[in-house]
C-alpha cells in the first residue's frame, strides 16, 4: 500500500513539473508575440504559433484542475469528486488533448499551402487560417461533447486517480484513439511527406540557405510527428491490454503523464524554433543585465570634502 502511495506521489510531482514546463515557454511566447504584434510580428505563422500556445496552456489548465482531488485522495480522506465534476473535467481534458493534437495539423496544413500551393494566395491569408483554427476547435468540441452519448465514456479511474475518457470502455476510447492519434498522425505524415518530397526534388547543392532550410524542415517534421505518436502510445497500449486482459495499474498514470510530458517538450520545442521570440527575450535580458553597468558609468563618485 505504501509503495502505491509513493508511486502516486512521484506521479503527482512529475505531473506538476510537466504542467509548469508547458505553461512557462508557451506563456512567454504568447506574451511576446501579442505585445509586439504590430511591430513585425503580425504574420500567419505567428497566428498559428499563438493558437498552439493557447491550446497547450488550456491543456495544462484542464488537467491540473484535477490536482486538488488527486491530492485529497492520496493524503487525506480519499473521497472522490462528484460525478458531474468528474465528467466535465474528463470532457475538458479530452477537448484540450484534441485541440493540441490538431494544432500540429493546422500548422502542417499551412506549411502545405505555403510550400506546395503557394500560387493560391487566398490560402495564405489570415482569414483562411483563422477559419481553419476555428473549425479545428469546433470539431474537437463536438467530439468531446459527443462522447457523452455513452454513459460509460467519462469515468473516474481509481488506478490513476484521474477522471478521463476511460480505457475500460472500448468503443469510445478506440474512437478517440483513431481520431486523435491514427488519423492525425497519418495526415501529418502525408502532408509533411509531400512537402519533404517536393523540397528534396528541388534540392540545390549550390544553395547553402536552401539546404539549411531543408534540414530544419526535416528535423521539425521528425520531432512533430514523434511527439504526437509518443504522447498517444501509452493510452493505446492500455486500451489494447484492457481489451484482451487487464492493464497494470501503473500504466494508467503513465498514460496521463505521457500526454503532459510530450506537451511540455512540445512547448519547449515551440520556443526553440521561434527565432523572433528568442531574439526579443535575449535582447531584453541583455538590457537588464547591462543596466547596472550603465548606472555605474553615469554616476561618478563625489569629490571628498577636506
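The count begins at 1 with the first shown residue.
For all residues, glycine too, the Cβ spot is worked out from N, Cα and C.
In TrEMBL, annotation is done automatically, which means it is predicted and not curated.
Residues or ranges marked as transmembrane segment by TrEMBL: 12-35 (among others).
Taken as a whole, the domain 'G-protein coupled receptors family 1 profile' (27-270) shows an average pLDDT of 88 in this prediction. Feature annotation from TrEMBL assigns domain 'G-protein coupled receptors family 1 profile' to 27-270.
Annotation comment: TrEMBL describes 47-65 (among others) as transmembrane segment. Away from its own ends, the transmembrane segment (47-65) comes close to residues 15-16, 19, 22-23, 26-27, 29-30, 33-34, 89, 92-93, 95-97, 99-100, 103-104, 106-107, 110, 126, 129-130, 133, 256, 259-260, 263, 266-267, 270, 274 of its chain (Cβ-Cβ under 8 Å, at least six residues beyond either end).
Same-chain residues lying 6 or more positions outside the transmembrane segment (85-110) and placing a CB less than 8 Å from one of its CB atoms are 44-45, 48, 51-52, 55-56, 58-59, 61-63, 65-66, 69, 124, 129, 132-133, 136-137, 139-141, 143-145, 147-148, 154-156, 163-165, 176, 179-181, 184, 187-188, 191-192, 224, 228, 231, 259, 263, 266. As annotated by TrEMBL, transmembrane segment applies to 85-110 (among others).
Away from its own ends, the transmembrane segment (131-154) comes close to residues 47-48, 51, 86-87, 90-92, 94-95, 98-99, 102-103, 105-106, 109-110, 163-166, 168-169, 171-173, 176, 179 of its chain (Cβ-Cβ under 8 Å, at least six residues beyond either end). Residues or ranges marked as transmembrane segment in TrEMBL: 131-154 (among others).
The feature transmembrane segment is assigned by TrEMBL to 174-197 (among others).
Remote same-chain partners of the transmembrane segment (217-237), defined as residues 6 or more beyond its termini with a Cβ less than 8 Å from a stretch Cβ, comprise 101, 104, 107-108, 167, 173, 177, 180-181, 184-185, 188-189, 192, 195-196, 199, 247, 251, 254-255, 258-259, 261-263, 265-266, 269, 273. If you look up TrEMBL, you'll see 217-237 (among others) marked as transmembrane segment.
The transmembrane segment annotation in TrEMBL covers 249-273 (among others).
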Looking only at residues six or more beyond either end of the transmembrane segment (174-197), which have a C-beta under 8 A from one in the stretch?
94, 97-98, 101-102, 104-105, 108-109, 111-112, 115-116, 143, 147, 165, 217-218, 221, 224-225, 228-229, 232, 235-236, 239
